Amino acid sequence: GTWGSWGPWSSCSSSCGDGVALRSRRCLRTSEEQPCTGDPRQYRLCQLQGCPSGSVPFRAMQCSLYDNRPVLGTSARYRWVPFHGAPNLCDLNCLAEGHNFYYSFGRVLDGTRCGPGSPDLCVGGRCLSVGCDGILGSGARPDACGHCGSGHGSCVLVHRLFQGTDPSSGYLGYVNVTKIPAGATHIKVTDKSRNYLALMASDGRYVLNGDWAIAWPGPYEAAGTLLTYSRAPDGTESLEAPGPTHEDLHVMALLQEPNPGIEYRFWLPRGHPQLGRGDTSPLRQPQPRGAGSPP
């Protein structure tokens, strides 16, 4: 069979917080044809502002609708709160407050979170994850460059080992390692020695370990992304950032001993102008500031 086109999206199932919208399509077929394969309905996540502080959570509100109503065929009345230990996450399982039993009042409403802290939503009694396209249950995941639904061929991995030598002056100091171009994602640089990794922005400003000053491990803002700098007791260092970067970053090394090799890797979109070009940067050799010799 052949599907007709998708209809318009419905209004959101909620006015704040989590919510879903629905659209549907019809199968265009006659009685002699095979039925259409696929789903006649599709749901997507609504982008809503947060609910006001003090608002009752969605699942708790649904349980509270049964407060003081007769259930279980008795005249007893109970107050109900969500119960999260039942096997079906998308049933409205509610615990009788002050008692040791729960009751299932059927399915939760569409757009209810599957559990506390879960990013997945219940739709039609099923727990569905949200794809990167916003469609529930689509299974769409972003590629390494952060593009949704573009397949695995849209990204190129740059993975190399820098084995440069000591500075040409013959003294301990800085050497260029590589340039990480703007647009890079999933960046990781690793050094397993007593040397120090250094990082410079495209405007010549140091982000890490520049001008002979060693920074503390921790998070740093650089090129529009959050960089994590770590240093282990044995001297092993790493720089990691999810990207994408908004400008070039220049990786350097402050050498104190021969360089055993600095490994770096990042992803670039296929067709990026920097692919296939040299990745070293003509950076200046930093000079020590203040009196005395460099550490």
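Keep in mind that glycine also has a Cβ here, set from the backbone N, Cα and C atoms.
Quick caveat, the model's predicted, so the values are computed rather than measured.
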Disulfide-bonded cysteine for CYS27 as listed in TrEMBL, from CYS16, CYS36: CYS36
Per TrEMBL, the disulfide partner of CYS16, chosen from CYS51, CYS63, CYS90: CYS51
For CYS36 (disulfide bond): intrachain residues, at least 6 apart, with Cβ closer than 8 Å: GLY1, THR2, TRP3, CYS27, ARG29
Between CYS12 (disulfide bond) and CYS51 (disulfide bond), the C-alpha gap once rounded to whole angstrom: 14
Averaged pLDDT, computed only over the residues in the domain 'ADAMTS/ADAMTS-like cysteine-rich' (58-155): 87
Helix, strand and coil residues within the domain 'ADAMTS/ADAMTS-like cysteine-rich' (58-155) as assigned by DSSP: 10 helix, 29 strand, 59 coil
Entry from the disulfide-bonded residues list CYS12, CYS51 having the most other CB atoms no farther than 10 A: CYS12
